[in-house]
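Database features (TrEMBL):
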type	residues	note
DOMAIN	110-537	domain 'Major facilitator superfamily (MFS) profile'
REGION	18-78	region 'Disordered'
TRANSMEM	108-125	transmembrane segment
TRANSMEM	145-165	transmembrane segment
TRANSMEM	177-196	transmembrane segment
TRANSMEM	202-224	transmembrane segment
TRANSMEM	236-257	transmembrane segment
TRANSMEM	269-294	transmembrane segment
TRANSMEM	334-357	transmembrane segment
TRANSMEM	377-398	transmembrane segment
TRANSMEM	418-437	transmembrane segment
TRANSMEM	443-462	transmembrane segment
TRANSMEM	469-488	transmembrane segment
TRANSMEM	508-531	transmembrane segment
Amino acid sequence: MAAPLYRQPTRSEILELSAQESHDADIPSNIGFINDATPRPVSGKPTIDFGQQVTEKDIEKGPRSSSLSSNDDADVAEPVEEDDPNIVFWDGPDDQQNPINWPFRKKWGTVLIVSAITFLTPLASSMFAPGVPDVMEAFNSTNDMLAGFMVSIYVLGFAFGPMIIAPLSEMYGRLPLYHSCNVLFIIFSIAAAVASSMSQFIVFRFFMGCFGGAPLVLGGGTIADLISREQRGTAMVVWMMGPTLGPCVGPIIGGFLTEAKGWRWNFWFVAIVAGSFALGAVILMSETSAPVILERKAKRLRIETGNDKLRSKLASELSSRDLFKFSIVRPIKMLTLSPICAAMSVYVAITYAYLYILFTTLTPVFSNQYGWRGGVLGLSFLGLGVGSLVGQFVFTKFGNKIARKHMDRGDFQPEHRLYIMAGGGFFLPAGLFWYGWSVQAQTHWMVPILGTGVIGFGLLMTFMPANTYLVDVFTVHAASAMAANTVLRSLMAALIPLSSQKMYAAMGYGWGNSLLGFVSLLLVPIPFLFIKFGERIRNNSTIKL
């Protein structure tokens, strides 16, 4: 008998989608029918797409949601009251209200505007870094700690904003959060541009980060709403270019803009561009969250028919209080109780803090050691950008290759994600030693720039495999694991760079960066340990959420 063209989503697909939507899998996902036109392999082994959650055992071992199959051997989600006439769902697989069936132009217009916003907000985190000396002069400050805090406070907003934005999006949909956060981001960008004191400026930068984090937490879910799994990889690569390249491109633009117009124009520029993107969002974007769309449909039908029993198939039984609890309490418990989550989060947090040490110190380093001035200072960030781009390419190519090899053999484990991290982890300390001692010796400026490129490559080789590993390990609660990772790395990226200038003043650039390199060397064994003992740790875990 021929397989049906459309089928209910599998448990693995629900887990994957919930992670991309930035919520745990016990909250309804925006998934309906799956195109099943591709023939099944006759070998009996399932064809697994890279990125699909193939490890279905939840490390916390808590009770599964009713939306997921309770049978570990059955990979198909249980239908929710399929024959109940009061259940409101899509009108078949071709329903035009379902975002996955929207016209090509509308879908990709939304993807592009979301990707543009996601590029801008990380760019704004570091854009004015070359202008920090001008800001210090304008506010009559010589405090090196404040000079670093002005840059890193933005990423502290990235830690706290998404913890509120994510549960609100589950209650009210993505579109209101995009629009409101866009407007508030513009307002606080303008406020930073006209700030009259250091304290005002720092507060406004923090709120820029809070509201600028919206596309980072909502974008993956929006793409998953719109694009089929077969085409989603391209869209995700476009979207991920923002967080990867934005912070490195920002200072290059900011250096020349500061020289031409002054430091305040960095924020006017961000506000103007954000305003144009916000206008584009109003024109091009519609609500993509299936639970919200179906809830509106159910509400309309209740009014039209007078049947108060009608309800959306994707309606969540969780209260607003539960949504906020899962958003805040779960990540904290996972960070403190899970050795896998804790170790990976600490590793990523320290490497992420190193990135912001560079963001806050490259300007004075190249100004003092090489006499760079004005717009040219922004070019000192070019090595980081190129190294990060190469790292993303290498991870995508070889990470996929390693995963597919084990998937084809049927022996895939989450720890296979760490192979590329185990080798790539050595590039970060190597780059730090290279950069530090070349600056100390005042070699040709290209030598330390190449060193920062190696650092950027090493950062990506740590950051991306670790995040993928957490998603694969924690399955149902992957979003909480990622939230724990995000909060810790944002806190450390905001606070650790505050002492970097004093460290360099006391130890010099050579030994200062060597200290960072030795710390990162101590972290290198972590992926090797989890490759060897990770499965045992997962099997013996008794975490209850």
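Glycine residues also receive a Cβ, built from the backbone N, Cα and C atoms like all the rest.
All TrEMBL annotations are machine predictions without curation.
Only pairs six or more apart in sequence are counted, and the transmembrane segment (377-398) with the transmembrane segment (236-257) gives three or more Cβ pairs under 8 Å, enough to call it a contact. Listed as Cβ neighbours of the transmembrane segment (108-125) (distance under 8 Å, sequence separation of 6 or more from its ends, same chain) are residues 151, 154-155, 158, 178, 182, 185, 189, 208-209, 212-216, 218-219, 222-223, 226-227, 235, 238-239, 241-243, 245-247, 249-250, 253, 270, 273-274, 277, 280-281, 284-286, 288, 359. Here the domain 'Major facilitator superfamily (MFS) profile' (110-537) returns a mean pLDDT of 88 for the predicted model. Long-range neighbours of the transmembrane segment (508-531) within the same chain, counting only residues 6 or more positions beyond its ends whose Cβ lies under 8 Å from a Cβ of the stretch, are 340, 343-344, 346-347, 350-351, 354, 357, 365, 369, 415, 418-419, 421-422, 425-426, 428-430, 432-433, 435-437, 439-441, 465, 469, 500, 537.
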